[in-house]
């Protein structure tokens, strides 16, 4: 069935156009949305310029970069539902554009520019029966047709229905489809908003965990530095004690050597005395001194291996291996780890005291 196209478009009647226009009015400027149109997290729409004006009014201390650009950050309330809108660093330019509303505005303006009276005069005319209007719908072939085609034409054996009935039915179906599409777009926009919030949460949680990780390793480094200092001090004390002992022995041996050398020198000079009487006057005393000096017992020398310091060797291989096994613990938050570390610290502090107590009790029993 061929026919001449001349039917009214979906938005052709004035009542539908008026209803649609009401849905396209901005709640701020009370005029039709001007591009770009932004959608808020609460799913209401605003002209971006109007959103900028609302933001400026709600944040008087924030200055615009220019007449049309708002500073990043800040917040304001939706004029329709009073829901608080939090802006990111892009300001109102970070809000999503509602391309669906912008497209509907374009369609509305195109339809509004067409004369309604000329559209009302157009009709579908049957090409096989030129004087017959298309007034019925063939349900079997799913095409509009005329009454003559049903009576003795190509659709005489088909099931038909009044054209207005099918028109209302399919218009209702299309309207429902549009509503579902719009609702689906709203849901998609809501999901996008949620996922953007998830991205922000991921970034924030990652930043916090990085900070905690740095703190943990800085704490480990501090413990290692503290322990290294303690061990170095112990090594230095042992070194000083041994050096003092050995140097004391050196001084003692040196004093004995000096006294012995002087006595030897005196004895040699006495032996060179040619007069026997003078020699004998000094000989007895020198003989006694030499005998006494030879019997002096000096302090013992350091025992073999006294100079060794290998008892201060530290084995860190097992600690290094343990450090290499440090890994993340899924499901454990930073706060829980802090509590665990605090509990372990308290138990560690109590341990030595308990050991000392046990030691005293054991000593008492023996």
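Cβ from N, Cα, C; glycine included.
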Q: Please find, within the list 285-325, 326-366, the residue stretch that Swiss-Prot describes as region 'Disordered'.
A: 326-366
**Q.** Range annotated as zinc finger in Swiss-Prot, from 121-163, 164-206
**A.** 121-163
(Q) At a 10 A cut-off on CB-CB distances, which of the binding-site residues 129, 155 has the highest count? (A) 155
(Q) Considering every residue in the coiled coil (185-258), what is the mean pLDDT value? (A) 93
Q) What does DSSP call residue 126 (Zn(2+) binding site) in the simple three-state scheme? A) strand
Q | Count of other CB atoms lying within 10 Å of the CB belonging to residue 149 (Zn(2+) binding site) | A | 24
**Q.** Tally of DSSP helical, extended and coil residues in the domain 'COS' (271-329)
**A.** 32 helix, 0 strand, 27 coil
